[in-house]
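See structure below.
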Amino acid sequence: MEYKDTLLMMKTEFLMRGNLPKREPDMQARWNEMNLYEAVQEKNAGKPTFILHDGPPYANGDIHMGHGLNKVLKDIVVRYKSMNGFRSPYVPGWDTHGLPIETALQKAGVDRKSMSVAEFRELCAKYALEQVDHQREQFKRLGVLGDYDNPYITLQPEFEAAQIRLFGDMANKGYIYKGKKPVYWSPSSESALAEAEIEYQDKRSAAIYVAFQVMDGKNILEPTDHFVIWTTTPWTIPANLGISVSGELTYARIEHEGKGYIVAETLVPEVIEALGWEGATIGRVFDGADFEYIKAKHPLYDRESLVMLGDHVTAEATGVVHTAPGHGEDDFRIGQAYGLDVLCPVDDKGVMTAEAPGFEGLFYEDANKEIGVALEEAGALLKLSFIKHSYPHDWRTKKPVIFRATPQWFASIKDFRAEILDEIKEVQWVPEWGETRLHNMFKDRGDWVISRQRAWGVPLPIFYAEDGTEIVTPETIDHIANLFAAHGSNVWYEREAVDLLPEGFTHPASPNGIFKKETDIMDVWFDSGSSHAGVLATRPELERPADLYLEGSDQYRGWFNSSLSTSVATTGKAPYKAVVSHGFVLDGQGRKMSKSIGNTIAPIQIMQQFGAEILRLWVASVDYQSDVRASMDNFKQVSESYRKIRNTVRFLLGNLDQFDHTTHRVAFKDLPESDRFMRTKLDQLVGKVKAAYDAYDFMAVYQLLHNFCVLDLSSFYLDYTKDILYIEKEDAPARRAVQTVMYDTVVTLLQLMAPVLPHTADEAWEFVPGVETASIFLTDLPEAPEMTEEGLALIAKWNSFLVFRDDVLKALEEARAEKLVGKTLEAKLLLAPNDETKALLATIDHLEQLLQVSQIEFVASAEKSYGTTGITVLKADGEKCERCWTYSTELGQDPAHPTLCPRCTEVVNSL
């Protein structure tokens with residue numbers, strides 16, 4: 001007889017190798033065929049809702065690792081909620097307006113000037129929808145489940161109509177106005193930018209000290225005195241109309257070569273050193289407030305510069321600030337208070353205009369040099385140097401931006417700022433610092449410039465009467481919203497103003513019935529920031545406010561910000577109950593991923609080489625709330641973790657062959673204690689994993705599941721129970737007990753890991769015996785039982801045993817290293833435990849089996865101490881059983897089986 005044929009070895013068709021790049025698309029096709037998303041919604045109909053609202057990615061190009069991180073995090077949340085008692089629909093969205101699409105078309109050779117705006121916009125829309133289709137397939141390949149047949153897209157007519165109504169509501173409440181103010185202006189994009197569209201990069205700039213000679217000193221200063229300013233924007237000197245000082249600072253006159261130079265008193269030594277004025281002396285000291293309304297002479301032009309008090313002035317540089325109301329927010333504010341004009345001698349392209357005599361036609365950066373020369377010739381340039389500093393850049397073109405006063409449309413938040421700050425307190429922020437970050441942004445935030453001088457976007461629904469009066473009324477807004485809903489926003493460019501107005505519309509400022517329409521479009525952040533109105537409030541399966549917004553940390557100044565502004569403005573409430581933010585994905589060395597450096601990794605690469613499951617498991621394994629590093633080495637390490645999890649699942653499934661959980665199950669009370677321990681540990685795991693999911697702590701989910709597979713199962717339970725599973729009779733009570741625990745474990749383990757590893761969980765689900773549900777995602781997670789005192793005591797007892805077992809394993813490892821034994825079954829242990837450990841071991845059955853040795857004897861003392869126990873490892877007595885490999889002195893008691901131990905003899909004879 002071949003005794004190996006009598007062993008009940010593991011048997012399953014669940015493959016050891018995942019072959020994920022090939023097998024995942026098959027699973028996704030299966031989900032598609034069975035309409036899994038719809039089936040999940042039907043399963044959860046009538047349950048409480050949990051709405052995660054998708055922040056729309058920009059529809060341009062392949063998805064990058066930031067998208068991968070973001071979408072997987074969202075999918076984990078939605079899949080978990082859908083398996084844990086909630087109806088959690090997921091409607092993916094796309095942001096489709098804005099400059100990058102215009103630029104992409106122009107790069108593709110589209111000649112904008114050869115067509116109408118409406119025709120160009122049609123091409124933009126076509127391109128955007130192609131990008132949506134492209135990205136949709138990549139998101140689906142990640143395993144992200146959602147309503148892809150009915151996404152929300154910001155160019156959809158119904159979305160644009162809702163956006164117009166939201167704008168109209170804000171206008172009706174007086175929050176929208178037109179004004180000429182300095183805004184971030186991108187010469188490279190030829191458009192205004194919002195703060196959310198700015199990123200800071202290092203830039204080398206000219207830094208100059210300039211002297212402004214006093215014209216009218218008000219009997220305080222002399223005509224030989226000069227105010228000394230320092231600036232890194234020489235090109236703004238032609239726009240100078242004033243000088244700001246602080247009423248809180250004292251100023252001193254530096255006397256040098258017969259002239260006086262006014263700077264903040266505390267900065268005198270610094271300025272003297274910077275200018276190299278050896279021998280300069282310090283004269284009279286003044287209060288800054290005394291300088292108000294003194295007049296200085298502009299260093300280049302025949303006009304005055306008014307000295308003003310500014311609360312923005314600090315004891316830095318010289319303590320005297322060059323003020324150009326057309327080129328700075330504080331400059332504008334102070335200038336308005338003192339009645340100064342708003343001079344802005346720079347055009348849309350960043351070129352100096354005729355209002356800057358001597359520099360007309362120069363690009364502003366090129367003008368820096370010429371202005372420096374002119375100042376030197378005028379005797380006003382005290383020093384020129386160059387500095388490297390952090391400077392605002394256009395986030396799309398990566399080119400520097402300027403502050404430039406232009407007529408723009410603004411959304412004012414001052415009337416509801418307090419409500420916003422109150423609402424921020426009501427939201428759950430993960431991480432908690434998000435609350436402080438957004439609070440500080442709104443506390444100090446100025447008005448939001450919402451107009452853009454571009455073609456591809458939602459037009460501002462504003463008309464102008466014959467005398468220039470702005471027309472925004474509930475009637476016109478309602479009519480435009482209806483037109484957009486029916487025809488899309490391109491109708492604005494296809495029809496004349498009069499044809500866009502309600503029939504028979506009149507206005508006293510247009511006696512001849514002539515109207516013009518606004519040519520600016522809305523900031524794209526107004527588009528996505530309207531999604532709570534255009535999606536949450538309009539789609540029947542969704543609700544406002546959403547339970548969760550989950551995006552990258554850059555969205556504190558982006559989508560979290562614009563959504564909160566528009567929602568509080570129109571509803572008085574935040575659009576979200578909770579906000580979770582994640583960091584950026586960096587390369588393996590902690591550098592920003594950049595095509596120019598060549599250090600980018602695309603999700604599609606990871607999926608082709610390793611599979612989406614590996615990318616998803618990586619997402620769960622990192623501290624996503626901070627910046628995370630991604631390299632091929634990271635993914636190789638995660639692949640190894642995945643292999644261990646998969647092998648654990650395979651072992652569990654492989655030992656359930658012929659097990660019927662309805663008839664073979666052993667009741668909990670009848671399980672041997674070691675099996676009760678593992679079953680109780682499983683219950684404890686359910687509680688811990690669900691708590692981690694609820695706290696959005698996916699790294700803890702990963703660690704709990706991985707450690708349970710590797711430490712609790714593979715290294716302990718699955719290791720010692722092989723002796724039961726393979727050796728005992730098929731229906732032996734001990735074997736059925738282990739199978740009962742294994743069945744519950746594999747079902748629970750697959751359910752707990754399903755939100756993170758959906759392909760693997762659903763693949764394995766098909767091989768769980770007796771399962772009738774078509775997909776694991778149509779099941780619900782088990783409830784986490786409350787841990788009883790008895791259960792906790794059981795876990796504590798067996799945890800103590802596992803500490804003892806670790807000590808035994810150390811002793812066995814040393815014996816193996818000394819060639820005393822090979823496999824542990826070749827060993828006999830002499831144990832000399834202390835009283836506490838002795839008492840513990842006295843209550844534990846089948847100690848040899850648990851420790852996987854052939855014999856154990858308790859002795860008074862042993863060779864070496866390990867923890868609480870003296871342990872001697874000897875060669876086992878007797879001979880090796882051919883079937884179970886245990887050493888026994890009782891081999892061959894049955895002459896028919898001379899090489900078998902009594903246990904194996906009994907099993908074989910029963911077959």
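Every residue, even glycine, has its Cβ placed from backbone N, Cα and C.
Checking the ranges 357-361, 562-566, 592-596 against Swiss-Prot, the motif ''KMSKS' region' annotation falls on 592-596. Swiss-Prot assigns the feature motif ''HIGH' region' to residues 57-67, out of the candidate ranges 24-34, 57-67, 442-452.
When the motif ''KMSKS' region' (592-596) is classified with DSSP, helix, strand and coil residues number 0 helix, 1 strand, 4 coil. DSSP gives Glu551 (L-isoleucyl-5'-AMP binding site) a strand state. The DSSP secondary structure for Cys901 (Zn(2+) binding site) is coil.
What surrounds the Zn(2+) site, by Cβ distance within 8 Å of the Cβ centroid and not counting Cys881, Cys884, Cys901, Cys904, is the set Ile727, Glu882, Arg883, Trp885, Thr886, Ser888, Leu891, Leu900, Pro902, Arg903, Thr905 from the same chain. For the motif ''HIGH' region' (57-67), the number of residues in each DSSP class (helix H, G, I; strand E, B; coil) is 3 helix, 1 strand, 7 coil. Neighbour density for Glu551 (L-isoleucyl-5'-AMP binding site): within 10 A of its CB lie 23 other CB atoms from the protein chains shown. Nearest to Lys595 (ATP binding site) in space, judged by Cα atoms and limited to the binding-site residues Glu551, Cys881, Cys884, Cys901, Cys904, is Glu551.
Here the Cβ of Lys595 (ATP binding site) has 7 other Cβ atoms within 10 Å, regardless of which shown protein chain they belong to. Rounded to the nearest whole angstrom, the C-alpha distance between Cys904 (Zn(2+) binding site) and Glu551 (L-isoleucyl-5'-AMP binding site) is 60.
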